[in-house]
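As recorded in Swiss-Prot, the features of this protein are as follows:
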type	residues	note
MOD_RES	3	N-acetylthreonine
MOD_RES	3	phosphothreonine
TRANSMEM	57-81	transmembrane segment
TRANSMEM	122-143	transmembrane segment
TRANSMEM	166-188	transmembrane segment
TRANSMEM	243-263	transmembrane segment
TRANSMEM	279-300	transmembrane segment
BINDING	355	[CaMn4O5] cluster binding site
TRANSMEM	435-459	transmembrane segment
């Protein structure tokens, strides 16, 4: 039998009597034990990074280069491919070794974090204030809290700049808009014009406006990261070297549970934004890796049948459909030439395989008759049969599959999971904000635990 580092392994102030929280309340028992709470957070980070590394290696082991990523149920390799690792023209995977390296690095990192989590949870000091005052804190210390906020902002800003450096100096990133069907390229001229970058924030979120989700070129994405990274770094320095203003002290609740609620609210917003980005955007989330968007699959089907019937002799410019509108082509509300049929609802779709066929007034008839390239036909046919949809009825005219066809788009997985998680985080935000505000007002201690069913169970030890 091995000797434990800490022979006592006593609860040490983590029991119900001393904290007001029982074991099933988890980290709430550690609210006033900064060292133990550090251990919980480091261990949690270790679990997250372990999942990333293990799942990364799992996807590498199962990856078949001859098939598109979105046909293989992958969600991590598409992210690495979007960063320009291992991919060449057209999104073709030419080297899987960078993916293997990524998985191994994450696994090694998770081991370090896991050790740190166990150490600080069991062996290290329970509180940091006495031995390491720089890392110690009290929740009501407003200056310390904003300093911690500042350090977090600087780290986030550095993370944003990592993408900028990767795109500009270290191999570039994958650009689905590169001529000929996408390629990995260096971003040499990122957009730094604040009117363009912050213009996205001022746009309507509805329809073709699409708020920040409407970003459609890599220059704006990298330029946006330059702005956000710089603002976060300078904002972090500001928060470290200043104290909160009087109105800030009055406006906010300054307690551990309040900070939890703020964090949950922020991550809920990020979950909802990620949901919309993953579902609609085909620049930050290239369709070569994630599969087509819903509008993209619908438009590609209309394009595929236009190509087929044009070859069979149809006059695609004048043919009428069953409603009397154009069967293949029609006019948009603003007078542009667009695809006809049910896909008319997606008339403002933009995609790299379709844009070369547009002119000043929408789709160019001359280009449709003479300039369609084989790669555009192949890509549209592939996207048409991989819509991010189940077998629904109202799907923009996309031919749905029989139930035995087992395809679920990564866009469906990512959008659904981020929406659901964002919603749960938002509910948690409301819950903890309500508790924190009530506690600050002095009239709410929490739910009466006298009737808690768990209290009737035998103690774990």
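Including glycine, each Cβ sits where the backbone N, Cα and C put it.
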Using Cβ distances below 8 Å and needing 3 or more such pairs, separated by at least 6 in sequence, tell me whether the transmembrane segment (279-300) contacts the transmembrane segment (122-143).
no
Far apart in sequence but close in space: which same-chain residues, 6 or more away, have a Cβ under 8 Å from residue 355 ([CaMn4O5] cluster binding site)?
177
With H, G and I counted as helix, E and B as strand and the rest as coil, say where DSSP puts residue 355 ([CaMn4O5] cluster binding site).
helix
